[in-house]
Amino acid sequence: MVRRNLGQSTRSIYLGLACLSLSLHVLLAFFCLSVLQTACVFPTSSSSSSIPRTDTQHHESVSQSPASDAASSNKLQRRPHDEVRHKPTANMLHHKVRGSLNEVAEKSKKLIGVGKIIQKVDGPSKLGALFKHPLYNLPQPELQQDDWLMRLKTEEDAKDTESHEEENEDIFPDDSEWQSNSHEEGYDKVTWTTDVETHPPWLRFHLGISRWELYNRKDPNLAQLTHYLATQHILGSVQKKGGTQLKLLISFPNYGQALLKPMKQTRHAETDVNLFYFSDFERHNAEIAAFHLDRLLGFNRIPPVVGRLINVTTEIKEITTDRRLSKTFFTSPAGNVCFYGQCEYYCSVEHPVCGQPHMLEVSLATMLPDLTIAPRRSWRSPWRRSYSRTKLAQWEKDPAYCDTVKQTPPYNQGTRLVDLIDMAVLDFLMSNMDRHHYETFEQFGNNTFLLHLDNGRAFGRHSQDEPSILAPLQQCCRIRRSTFLRLRLLSLPDFRLSDIMRESLTQDPLSRVAPLLSEPHLSALDRRLAKVLQVVQTCQEKHDDVIYNDIEGHDQGPRSAVTA
């Protein structure tokens, strides 16, 4: 009996050990499988290798070496499992804080995909179809020599001046290089020739400015220009003088510069209804969206603007030579690096610009040629607001105000009046009440386009429209035929403005972080567009000469879109 009990007890022990062994093997198998899966995790869509296009009609990508693309892709693919498998020690964290702060910006740029398309558009591209439409491909007048803002010296020009400069040794033939007298630290060596291909994108942009537009939408240099703004190493950063709010002047190694406006509020924040228009914040995403909207309307009068994620510490604080700016840096209680600069509005410790903890969203706008090279004239807008809490401007009190404007130079001849109404339409669509002045290039006199600069106070409120912005159109009842037809085209379902604007904004690097315009702002574009068309219709019911025909002889394309 004892022997039988011992046998049963032994078998129970053996069975228990077998079950334990099997359980351990199963646990080991699950552990190995989880490790293999972690090691094989691929990056999400943030590592997309597509490059944004400035003009979808051409489907051209910014030039980039395959080797650098592969290296960037490999780095992104290693990040997910590296972070899981290697937990940082105290020494590693100390080394990162001390030695790799300069790399934070580059890694963040890779994570948001600087210079890359953000998301794929489902179905056919409405943006591409828009830019293929006849209204966006109207014949342009042949440009003469005096229609270019800047131009390279030709052989004939060189011969004309050769007799006066024979004793000088700085006369360059067509294949010579423009050498700088000194090589400043950090800047590229200047080896530009009369061959345009040797010029940096910003210089090609300057050379492309004409009497009729700031840039040609079909110019492939536009994509290179926005790519360089989003990716070039920042060499210098100082506060820009003038204006009411904080702006910085950014310098690049190729001698290019850009105007920086920092993020001060979230995308979804609306302007306080109790705030006057002249006290509103300037928004970085408004500058970006204004450039895209201006291009979609066919104006091409806003310098190219691109969004970028920068490191406040390494790309502003540590490199600035501006003592006034450097004194305003501090670390917030949350551990974020902040600064506030010196300006009229919102430059105080109570209204700082802060990174998270170092990274900050900004807009970078291409700088126009220096005023010493291409002077600009500033014009006071006839429909300028009073900028007073109590007073009204004359146009707000006099319904027949436009009759006076039409008799006043330069609005009494040429296209200046319809140019101003184009600007009013743009401002109404993006709800920009802060248009007190506008500028033109002096070289072209009164026969040229208006520069649509400084749009930071646009897109502040989506829930309300400001009809007074349309006062020039309402009071003058005059509009360009090309502008009117494009507005009607953008009201059609196949070319709905909100859809095309949404697609266009996905080309900006910052849209990977969050959409640059919230859906309520996009919906407001459609609502306001309908109101502009209604104002034109009301004018047509009262007057016969509402449409200024600037495209006579070019009536082509679908009748529903072109006929007016």
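Yeah, the Cβs are placed from backbone N, Cα and C, and that goes for glycine too.
Now, the feature entries from TrEMBL:
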REGION    46-91  region 'Disordered'
COMPBIAS  62-75  compositional bias 'Polar residues'
REGION    156-182  region 'Disordered'
COMPBIAS  163-177  compositional bias 'Acidic residues'
BINDING   Q245, K261, E282, A365, T366, M367, L368, E439, D454  ATP binding site
DOMAIN    329-544  domain 'FAM20 C-terminal'
Counting across all protein chains, other CB atoms within 10 angstroms of the CB of T366 (ATP binding site) number 25
Neighbouring CB atoms within 10 angstroms of the CB of E282 (ATP binding site), all protein chains considered, total 25
Note: in the chain of D454 (ATP binding site), residues six or more apart in sequence with C-beta under 8 angstroms of its C-beta are G243, D434
Other C-beta atoms within 10 angstroms of the C-beta of Q245 (ATP binding site) total 19
